[in-house]
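According to TrEMBL, the protein carries these features:
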- GLU144: active site, proton donor/acceptor (ACT_SITE)
- GLU78, HIS96, GLU144: Zn(2+) binding site (BINDING)
- 22-148: domain 'VOC' (DOMAIN)
- 154-278: domain 'VOC' (DOMAIN)
Amino acid sequence: MLPNQAPPLPQKMHLSGSKMTRDECSTLFIAVGDIDRTIKFYTECLGMKLLRKRDIPEERYTNAFLGYGPEDSHFVIELTYNYGVDKYDIGTAFGHFGIAVEDVAKTVELIKAKGGKVTREPGPVKGGSSVIAFIEDPDGYKFELLERDPTPEPLCQVMLRVGDLDRSIQFYEKAFGMELLRTRDNPEYKYTIAMLGYGPEDKNAVLELTYNYGVTEYDKGNAYAQIAIGTDDVYKTAEAIKLWGGKITREPGPLPGINTKITAVLDPDGWKTVFVDNVDFLKELE
């Protein structure tokens, strides 16, 4: 393999809190203090569907998977409740999740009626015309509501803060095979963002990286766990990530008891991603 070549890479992303999932961003993992309370909030206030729930008493945790469509075709959130742990530290590094809605003001009114916390009322984004609002779930995770036309992927963004934006862009392009969709510098508010993903923002979940001028380190807390990304070959994906300077925290191979092949990696800022074999994941859903 030549120094500037990498093996084929994935193209689908998941959101989840401590376990995992296809060929794009597919699952986001987060830890919560009361799983039933969070399920109620996500279904009643955010309009998500509870896709499945599983309890693993021997490991002392419960998972719930929620989203706007089936796991094999949508970006979903995996909630993890660890027995006896009712509070987590979100830290300062994690930003928010993004949800596309047709009418931000109406959505905010519904969330208020259900007792949800609104931290930023509906209105144009600073320096632009897009209508947004911010809300907070019962565990303190922030959600940005973005007013958009109907989309096949309403759960559309994950925002993470990084200490060197150019370094992060290069890593996600080269090691993860993502495409840089756009960047925007906001000197008035002293931050720059970059949107990366495996397809257009209006049809796919994307990663929003934020660099705040002069800030190179953040506290990650212990609540947000990782994103899962599907891949056709976890072994070749691990090779590519090593080639571009990523740190492998779990060598590629099958999970005990499940036999789903995964590999786990850290980006230059220490953000964790799990790559999951596509075929194995679909078998897991059967």
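Even glycines carry a Cβ here, placed using N, Cα and C.
Automatic prediction, not curation, is the source of TrEMBL annotations.
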CB contacts for the residue listed as 'active site, proton donor/acceptor' [other CB atoms within 10 A, all chains]: 21
Neighbour count (Cβ, 10 Å) for HIS96 (Zn(2+) binding site): 19
GLU78 (Zn(2+) binding site) CB neighbourhood, other CB atoms within 10 A: 29
For the domain 'VOC' (22-148), residues assigned helix / strand / coil by DSSP: 20 helix, 58 strand, 49 coil
Rounded mean pLDDT for the residues that make up the domain 'VOC' (154-278): 93
Helix, strand and coil residues within the domain 'VOC' (154-278) as assigned by DSSP: 21 helix, 57 strand, 47 coil
Distance, the residue listed as 'active site, proton donor/acceptor' to HIS96 (Zn(2+) binding site) (CA atoms, angstrom): 7
GLU78 (Zn(2+) binding site) and the residue listed as 'active site, proton donor/acceptor', Cα-Cα, nearest whole angstrom: 18
